[in-house]
Ligand code: IPE
Ligand code: IPE
Ligand code: MG
């Protein structure tokens, strides 16, 4: 039996977040350029998005470029930006066919203008799709996002639009870039590293973490299904004891 058949559709994670890591090492292991790894990573992303629509996962949020990734060699940064532009433009038709809405979080204004324009166009073109929301985290840093949220709340208090006591988990969450989505129940990191790398720190407070040695270009929808099956075997106690759960 494949992993897909083992999934309990009634207990799916609504939101899955992925740190797509290992592209460079995957390519280097085969004596190829890192760029080949990134290009192959796009194939994995397409397959995984399809996997989400196959089973009914409503939100998929992928770490595509971190704020820290700006510190890579300029050639690699440029290549990633070009790959981003060509991919979003090429994928609009498929996204629409599969009823997937494209969304982006992060410091989008820091991206090259062509990226910003094409991203906006792709988001507009797919805005009415309802089966799954694919969010690209671009120039994203969780600490940046949390500081932004704090600043927005402080400004509202200063302008007299809210009281300090109105600052709570709910009003704070509403200022995060993920405000329109539920928190991810499952976070997957490929590529063998056991760290979060400044991704969705607030949102994964109670998320289930799944680490795999599989490099991102080798990670396909069947691997996603395996992660979902693993997630469904876990007991999410949220601080309670087993006997209290139903
Ligand atoms: C993840 O793969 C993709 C991005 C960060 C853009 P890496 O490029 O980090 O690949 P490794 O981790 O060096 O193998
Ligand atoms: C995290 O991967 C960012 C993305 C996958 C886009 P990195 O490869 O940049 O993270 P570190 O350097 O291993 O923490
Ligand atoms: Mg990496």
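Using N, Cα and C of the backbone, Cβ positions are placed for all residues, glycine too.
Remember, it's a predicted structure, so these values are computed and weren't measured experimentally.
Database features (TrEMBL):
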- 21: active site (ACT_SITE)
- 69: active site, proton acceptor (ACT_SITE)
- 21, 208: Mg(2+) binding site (BINDING)
- 22-26, 34, 38, 66-68, 70, 72, 189, 195-197: substrate binding site (BINDING)
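For residue 69 (active site, proton acceptor), applying a Cβ distance below 8 Å and a minimum sequence separation of six or more within one chain yields 77, 80. Candidate recorded positions: 21, 208. Fewest other C-beta atoms within 10 angstroms, 208. Note on proximity: of the binding-site residues 67, 196, 208, the one nearest residue 21 (active site) is 196, by Cα distance.
Taking a Cβ cut-off of under 6 Å from any atom of ligand 3, the recorded positions 21, 38, 70, 196, 208 reduce to 21. All protein chains considered, the CB of residue 24 (substrate binding site) has 21 other CB atoms within 10 Å.
The Cβ of residue 70 (substrate binding site) lies under 8 Å from the Cβ of 77, 110, 139, each on the same chain and at least six residues away in sequence.
Comparing residue 26 (substrate binding site) with residue 208 (Mg(2+) binding site), their Cα atoms are 26 Å apart once rounded. Here the Cα atom of residue 208 (Mg(2+) binding site) is found 11 Å from that of residue 189 (substrate binding site). Checking the recorded positions 21, 26, 38, 69, 70 against ligand 2 with a 6 Å cutoff on the Cβ atom leaves 21, 69, in sequence order. Counting Cβ atoms from all protein chains shown, residue 22 (substrate binding site) has 25 others lying within 10 Å of its own Cβ.
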